[in-house]
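See below for the structure under consideration.
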């Protein structure tokens, strides 16, 4: 496995370094210390043409200025916390809000804004970037000093593994994710509506005001949310359903069934022949289809189109601390948070 590094510039007075891992099959992964963010995932298509299959900004300054979340490590809490507040052990905590009255993706100075430390580990079969950071007690309103490690590993079997570990010195919340957007066509000006999705989920979370979960878990059967047998993403954008109409597609959490030996999700693009299989030990995946166009910044000189990419954000259900039955996202002293997600890339001729 090959490893290289480049200094991209500075953020918060620290050098930001990008590391590129390359396997023998022509797949390479680049991630930088700003936000522990993946910025490139280059893979060949069925004709041997290599392209970046994720959304990425043009420069470090663009990530810092616009905070698009593309490819970033999100935390302490992925998604929204209603009114930026929660009760923990009988105490009410008020977080710093950054989306109207709610907190989004960990607040205004979430983990995606940190300049992380990094170490490289490489062998013949795989190479890893081990990112580490510390989130101070009180950061964005959260209790406890949180120590986090996120490892990205590229294997000779064309897998990108994400491993999370975290500890705390006070009871706190932790529910991270990675906000990578896939566009397997390799062309960011081509919407992902013709991508096929197979998703091992029969239940999704209903969204209410502010795109927050209402607490209701709804059956997917008979709705545009049922992708157990596979289908084109155009279904989510074009079929009439109150929940898809609310956000012009998907921005929804899906509960995963975790059938042994089967991927939790498969995303594929017939035209390029590329596909990615997702495996995770997390309960949920949030699927967002970049439902709006963006003109406040450009990528490669072009505004970002509607449906430019799709996320497969593995995590616990959003706003779990405020929703009964959504799972436990409390991390306590003496505990070690651990989670893994694997994306496996394939090309079909």
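Quick reminder: no glycine exception, Cβ is built from N, Cα and C everywhere.
Source: prediction; values computed, not measured.
Mapped onto three states, the DSSP output places residue 179 (active site, proton donor) in coil. Here TrEMBL flags 179 as active site, proton donor.
The DSSP secondary structure for residue 313 (active site, proton acceptor) is strand. If you look up TrEMBL, you'll see 313 marked as active site, proton acceptor.
Positions annotated as beta-D-galactose binding site by TrEMBL: 179, 180, 181, 251. Close to residue 179 (active site, proton donor) in the fold, though at least 6 residues off in sequence, lie 69, 70, 71, 72, 74, 78, 105, 112, 311, 313, each with a CB less than 8 Å from its CB.
Within 10 Å of the Cβ of residue 251 (beta-D-galactose binding site) there are 20 other Cβ atoms, across all protein chains. There are 24 other CB atoms within 10 A of the CB of residue 181 (beta-D-galactose binding site), with all protein chains counted. DSSP classifies residue 251 (beta-D-galactose binding site) as strand under the three-state reduction.
Apart from 179, 180, 181, 251, the beta-D-galactose site neighbourhood in this chain, defined by C-beta within 8 angstroms of the site C-beta centre, holds 55, 69, 70, 288, 290, 309, 310, 311, 312, 313.
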